[in-house]
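Taken verbatim from Swiss-Prot:
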type	residues	note
DOMAIN	46-229	domain 'PID'
DOMAIN	374-465	domain 'SH2'
MOD_RES	S29	phosphoserine
MOD_RES	K44	N6-acetyllysine
MOD_RES	Y239	phosphotyrosine
MOD_RES	Y240	phosphotyrosine
MOD_RES	Y313	phosphotyrosine
MOD_RES	S339	phosphoserine
REGION	1-26	region 'Disordered'
REGION	230-373	region 'CH1'
REGION	322-344	region 'Disordered'
Amino acid sequence: MNKLSGGGGRRTRVEGGQLGGEEWTRHGSFVNKPTRGWLHPNDKVMGPGVSYLVRYMGCVEVLQSMRALDFNTRTQVTREAISLVCEAVPGAKGAMRRRKPCSRPLSSILGRSNLKFAGMPITLTVSTSSLNLMAADCKQIIANHHMQSISFASGGDPDTAEYVAYVAKDPVNQRACHILECPEGLAQDVISTIGQAFELRFKQYLRNPPKLVTPHDRMAGFDGSAWDEEEEELPDHQYYNDFPGKEPPLGGVVDMRLREGAARPTLPSTQMPSHLGATLPIGQHVTGDHEVRKQMLPPPPCPGRELFDDPSYVNIQNLDKARQAGGGAGPPNPSVNGSAPRDLFDMKPFEDALRVPPAPQSMSMAEQLQGESWFHGKLSRREAEALLQLNGDFLVRESTTTPGQYVLTGLQSGQPKHLLLVDPEGVVRTKDHRFESVSHLISYHMDNHLPIISAGSELCLQQPVDRKV
């Protein structure tokens, strides 16, 4: 087991997610790694991962997409989140530092804090698959955030040198900034290792692109429930918390576009066992080396699906090579010549980076649904819920955040439910069956008076809510 020293040279300095110092390019590319090289062998990061003993300090809700914010605002968001948890958690290293009052723009971006596991010693394992947070004593996982669910990472800022912060989505906290407190000097190693994992995962994607590039891998293994509860920009619903005993899927949310010819008639689906997910009760303090062996690994990705979705970082030099090899000649990127530093961790979706046109079936599906009275087109969650009055009322709407995704909204026992209808393979399905189309799914359940089973509860389709003409 290698020690986590940075070698004889200067440690990589990381400021606000931008790997700083002369060792890094200012072009936002991971191609030119530090002159001393990465801290760890690639096969270790691509395999079991690199583990660090740190303290989990909690998380702060992030109410806006990090991609909608400029780089400086993102950095301010993570700094403010660190300050908030330091003030709230006893014994935090940064608790005694005075901070300026939260500015009005930041107060509209940051929401509530979740300090459920604050101060807990954990083993952070960084790999190309995920950031895995496991209780250091009882070895239970408190969070497992897949790389494709992480939109920003920051560490090593002079004012918060002991902290690493990253923004990720999961079903429990929705989008939140998670804070890790590191032993002295370790934060820079942690953020560098995260950078190495992003680099390697993107290279895996370039070597093994899918036959049809669609943003469909927000989950590493399909367990039949990881995609069927909708998550949108609004943070007011945490569906997996609504059902006692329901185990949330691994971190990340499905973001899928339809694929031509993917749908099939009703067939039984293959399910995988659910894995420990975003929050579990855990234990007490433990001490040890900075690097420990990982006790529990996340399930490996499905074969042929080694790719990012949202967010993916743009490795400019590799993309240029890929375009040249493919005969493409996209327009030059203005940041390649250093005109503006690129945020290394908040990454554009791969389909944008590789300039892939949208999947053709999305349009035909939309056209087909226009003939259904219960289809309301693009509608927000709040607007859809306002149309439901009686138990059994339902409608179908197009997701406002994911093109090509359709959401079934219904009222059951006085509670609105929102179910995604398109799985990560582009198939219209429920947990138990596949369908030729959304219309087929609706008519099947209505005509046979069958409820849709999701997250341990039932949704009955009784009264379609017609759209207003």
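Cβ atoms are placed via backbone N, Cα and C, with glycine included.
Contacts of the residue listed as 'N6-acetyllysine' defined by a Cβ separation under 8 A and a same-chain sequence distance of 6+ are given as V50, in order along the sequence.
With DSSP classes pooled into helix, strand and coil, the tally for the domain 'SH2' (374-465) is 16 helix, 37 strand, 39 coil.
Secondary structure at the residue listed as 'N6-acetyllysine', as computed by DSSP, is helix.
Averaged over the region 'CH1' (230-373), the predicted model reaches a pLDDT of 42.
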